[in-house]
Amino acid sequence: MYSIVKEIIVDPYKRLKWGFIPVKRQVEDLPDDLNSTEIVTISNSIQSHETAENFITTTSEKDQLHFETSSYSEHKDNVNVTRSYEYRDEADRPWWRFFDEQEYRINEKERSHNKWYSWFKQGTSFKEKKLLIKLDVLLAFYSCIAYWVKYLDTVNINNAYVSGMKEDLGFQGNDLVHTQVMYTVGNIIFQLPFLIYLNKLPLNYVLPSLDLCWSLLTVGAAYVNSVPHLKAIRFFIGAFEAPSYLAYQYLFGSFYKHDEMVRRSAFYYLGQYIGILSAGGIQSAVYSSLNGVNGLEGWRWNFIIDAIVSVVVGLIGFYSLPGDPYNCYSIFLTDDEIRLARKRLKENQTGKSDFETKVFDIKLWKTIFSDWKIYILTLWNIFCWNDSNVSSGAYLLWLKSLKRYSIPKLNQLSMITPGLGMVYLMLTGIIADKLHSRWFAIIFTQVFNIIGNSILAAWDVAEGAKWFAFMLQCFGWAMAPVLYSWQNDICRRDAQTRAITLVTMNIMAQSSTAWISVLVWKTEEAPRYLKGFTFTACSAFCLSIWTFVVLYFYKRDERNNAKKNGIVLYNSKHGVEKPTSKDVETLSVSDEK
């Protein structure tokens, strides 16, 4: 019992400066850690002229795959590292292997360690499980709570609109959509600095500080007396929330491996649905119990309560967010756990964040803009940001148009779709991670998304069909954790490239919603929204098709790096014989140089 108290209370307190400020942890890699990456160790072993013993460990007659393990000993440092290679003959490779997303990413032996019913990969050590559990609490769980309050502050305007704000402030015509756009514009503009600084700043300081700032602005929204004042407040709320979405996605890519990331990102997205769900419940409770208290309408109290919750969560963030493995500020991770997190990055071939290199490197930018990633992924994300009708508030506006529900009942009914969305989200995350098929997870969600929006575009259907269609609306967003996690994996080899691509694709995609929403989601057309539902269905279809383009380029990159993933390729049909272990060793040394 004492050891537990010491690890979660006593030791963390000792790591605080002046008893309340988390500071950067100074943790040096041990010699064993520095030599634990397989290729470096193999290279050193060969250069030391140590002997190598090669032997067959696994043979799959079905696929004619061979595994060989080379064991190298370096007596100087007492390091013994084993690396397994799969020797794969690509002669007569069937066409359907194109759909095997992990064909060149992980070898068959590693695949055998993945069990769909287990949260951890088979063979994960106790220390690594402990680290992952800590990260799940400190990063994944906290990010969920942070996204929850962020979304409370984002969508509360829709609940306020149907709870009396429209009449109190004199909303007319398209004022609602214009107010929503002001938030988006502020959010986009203030993402631009993070194009350069996302991987250069201690995010454990930045994110909570911005949380506190937008909390104060949310209080201000409770006291506005005109639509222009509300628009100004929403602009600055969007500005202070600008980096949060990007930053959490970046942090997931800094700690988790490719087949762990989607579930954690999906857990983060749960905060979005909890925010939508609880916004209706909170507004319903507030309107019923606080409407008129101290002369304030119920919708104004809603903003105040949202702000109070945001302040509390922001303060917790200073102590919960861990930074990243090479710039770690966590008071809860031990030195050995920080080293283990770094080792996991090396195993996943993830480039480390570096606060010390120069901010603007023209060579790096040329490399980024001459590569496929920034263009293909940006267009992909534009389809993603426009493939849902949730943010339009169409469901709530349709319910209100029926003129049969009281305001508290409207807010209660608004909780149904995000509740279902949470189920869709976790199901999609499990499909992507545990079945090792992110493309299938995306297609799975978009089939239902297209069906729902097509029904709503038709509109002249039975009321039950409309209920069914609106119940499917959260399938549109369910694939977003998959997309962002996949982007992290695609760009994993260089941290700055990963950050720049992430910010660029997000800015461009979110920018598209700022003007598209004005064109297709005009408030005066509610709740019919013919253009909106039609455009959303088309975006979902384009997203599905473009996912296969991403899959093609992703697999091409992974094939070029197959050996680093433990897969040695050859084609006997073209007269290329199976390489020997010595050939692979020589190539490993060559690659390292």
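Keep in mind that glycine also has a Cβ here, set from the backbone N, Cα and C atoms.
Taken from Swiss-Prot, the feature topological domain 'Cytoplasmic' covers 1-130, 256-265, 324-363, 433-438, 488-499, 554-593 (among others), and the record attributes it to sequence analysis. Feature annotation from Swiss-Prot assigns topological domain 'Extracellular' to 152-175, 222-234, 287-302, 385-411, 460-466, 521-532. The feature transmembrane segment is assigned by Swiss-Prot to 131-151, 176-196, 201-221, 235-255, 266-286, 303-323, 364-384, 412-432, 439-459, 467-487, 500-520, 533-553, with sequence analysis given as support.
As a quick check, the transmembrane segment (176-196) and the transmembrane segment (131-151) miss the bar of 3 or more Cβ pairs under 8 A, pairs 6 or more apart, so the two do not touch. Residues 98-99, 101, 372-373, 376-377, 379-380, 383-384, 386-389, 394, 439, 442-443, 446-447, 449-450, 453-454, 456-457, 459, 476, 479, 486, 490, 516, 520 of the same chain lie 6+ residues outside the transmembrane segment (533-553) yet bring a C-beta within less than 8 angstroms of a C-beta in it. Counting only same-chain residues 6+ beyond the ends of the topological domain 'Cytoplasmic' (433-438), those with a CB under 8 A from a CB of the stretch are 101-102, 106, 111, 114-117, 259-263, 482, 485-486.
As a quick check, the transmembrane segment (131-151) and the transmembrane segment (467-487) miss the bar of 3 or more Cβ pairs under 8 A, pairs 6 or more apart, so the two do not touch. With pairs at least 6 apart in sequence, the transmembrane segment (500-520) and the transmembrane segment (235-255) have 3 or more Cβ pairs within the 8 Å limit; the two touch. Among residues of the same chain six or more beyond the topological domain 'Extracellular' (287-302), those with a C-beta under 8 A of the stretch's C-beta atoms are 156, 159-160, 163-165, 168, 222-223, 407-408, 411. For the transmembrane segment (439-459), the residues of the chain that approach it from at least six positions outside its boundaries are 99, 101, 262, 387-389, 394, 424, 428-429, 431-432, 465-466, 468-473, 475-476, 478-479, 482-483, 528-530, 533-534, 536-537, 540-541, 543-544, 547-548, 550-551, judged by C-beta separation under 8 angstroms. Touching of the transmembrane segment (201-221) and the transmembrane segment (303-323) is concluded from the presence of at least three CB pairs under 8 A, sequence neighbours closer than 6 excluded. The stretch in closest packing with the transmembrane segment (467-487), judged by the count of Cβ pairs under 8 Å and taken from 266-286, 303-323, 500-520, is 266-286.
Ranking 266-286, 364-384, 412-432, 500-520 by CB pairs under 8 A with the transmembrane segment (303-323) puts 266-286 at the top. Mean pLDDT of the predicted structure over the topological domain 'Cytoplasmic' (1-130): 67. According to DSSP, the secondary structure content of the topological domain 'Extracellular' (152-175) in residues is 19 helix, 0 strand, 5 coil. Taking Cβ pairs closer than 8 Å, the topological domain 'Cytoplasmic' (256-265) reaches residues 105-106, 114, 121, 132, 135-136, 139-140, 249, 344, 347-348, 426, 428-430, 432-434, 436, 438, 441, 481-482, 484-486, 488-489, 492 in its own chain, all 6 or more past its ends. When each of 266-286, 412-432, 500-520 is checked for Cβ pairs under 8 Å to the transmembrane segment (364-384), 500-520 comes out on top. Residues 398 of the same chain, all 6+ positions outside the topological domain 'Extracellular' (460-466), place their C-beta atoms under 8 angstroms from a C-beta of that stretch.
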